[in-house]
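Note sheet for the following structure.
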């Protein structure tokens, strides 16, 4: 990418704000707002009529990596036609739909460690051979070139050593494939020392319990080549002994805890199997762990355990996985990724099915990664709570009280350390707070402080997932709270942060989740973003022409103001087919500012104000048509002509509704009632969006709609005051006002997200979308906004 620094467009003044990205600057070329955007080209427009100009439904070029090249080559077609891009997107969408529709209990990579535990099960008829020979075949076929087993693409000493030791045990137990076991033993001996310097964050789950058990079994088998007296092994044993003293056996036997997941690590303890068998899931597993279930079967020969083991082997072609089912985890994280990448609209029915499925297994204590686990974790519960609430489900926030202890929130019972991603997911969930939900306020404060502290100390590594850009994702999430998060800004940054298939999940070994970490998701998102971005760039071309022809600058509104207005529209309503809504959003914002500027200008006479209002009424009633400007009322005629052009671009029914909305706003403006611009914008957008089927005129008079309008107007008026102070370089923070805005935003979120009764959910969502743009403008630094404008509208996606 070319040298990036913040664009100083039209000498914009940059001031401090409560939320600001790192001091990254973007120097844009002249083409950012230059003449190239005003050029006409036969390649630029296709047959979409809007306001007597043509705006392309699908723009005919894709922005190049260099901004200068965009200037020079804007009229050149890309090497890859948009038809091919569309086909590629459609093919990938079809693939993802098939993936989501076949998600079943979740797609997860095979685990060498768990397969080895299955291989250790002796023949049920008493013969000296494995009960499941397919596991031995899998182990023999999947040894890596260096003699180890484990994740081939991401190296970690923990993952490789525990997988290799388990597989060596399986081969030596049945005295098969001696050359492979010898090679594995050599690997262990030569690489054991790497544990001394291995990153603790990459330690696999329960390693300090599981590795000693495997070592003991190896020693009992007479595998003497391993240096059992090595300092690192002694250290691991000491850690194990310390941890075992903190595991109360009475609790282990009484209720389902996270310890069950690594129960094979308790092999040498006095376990009461009669009590433990009561903690099985209905599927027969122990906390959805194949290895733990295999361990239990060795001691109990329980039929339900055997049924679960056979199910796993059948599902994964003779091998095992780290954890199964992962049906809830897979569905929730898949939905989250699709939403953040900005492509969820392609999978609405699949997402609906996923969330409906998750809700079926929701309990008052939350959920786990797999159904029927008799155990609940904060990570899945947080993700589930947020997504279900955002999709209209009635969710009780008191579910989080089960994870709170001594002022902190923990993922699993008995957790000794906090997880970065778990805390971040709780933080995201807490931002959907409704009024009076104190537990979510406590959660948000705890999470924000925890994450800020970790960020300040540059400790942004997680114990559950290894993701290349996780630290950047966390920082961006802290800097852009949900109230100020615009869909296209979020998608643009998440495209940078999402690693696709490069994500590695940490269980008792490393595993991959195709439903969650999928390169197809990213490919669709990149192609779609570029496609939409090209469309937005041509719309921006049109908007600049409109700016000139409408004499907007005469009302003190700069081209930069127009750019920000269009950006807010495009960052919120980004889909290619919604050109009309974006244009109307930007125009309505600018025209209302023009009229408001006219009304509040000291030089505007009462006669001129009356002339504007009378002219508008005459125009509505068909008694007057703008034909030419009278010199004594030049500004009045400019405003009437611009407003007439804006309202005349719709069919008769929509135009009638829009004229009424603008009449209401003008009346309020005349009466000195400030802050109704948000209501005007919402109503305009809902009419323009085609909600007129459900958007009957009587809806405007319904109490729910009035409540939403009044609340949105109040919020946006206060946010405008904050934004004006920011522009005027004043920094007199008003904590009382901030708290009032926070409370009102919570009330608005509640009204919008609760299940729709009288008003269509899409109509209500427009109120929140508009309010979020005001929140964004008030609390995000001007310098940061310029970076976002560049990234969303102009910077190519690489």
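Along the chain as shown, residues are numbered 1 onward.
Quick reminder: no glycine exception, Cβ is built from N, Cα and C everywhere.
Looking at 373-376, 377-380, 381-384, the stretch flagged in Swiss-Prot as motif 'DXDD motif' turns out to be 377-380.
For residue 377 (Mg(2+) binding site), the same-chain residues lying six or more positions away in sequence with a CB closer than 8 A to its CB are 258, 366, 367, 368, 369, 411, 412, 422. When the binding-site residues 243, 463 are compared by the number of other CB atoms within 10 angstroms of each CB, 243 has the fewest. In the three-state DSSP scheme, residue 243 (substrate binding site) is classed as helix. Note: the Cα of residue 243 (substrate binding site) and the Cα of residue 379 (Mg(2+) binding site) are spaced 23 Å from each other. Mean pLDDT across the motif 'DXDD motif' (377-380) comes to 96 in this model.
Geometry remark: residue 379 (Mg(2+) binding site) versus residue 463 (substrate binding site), CA distance 12 Å.
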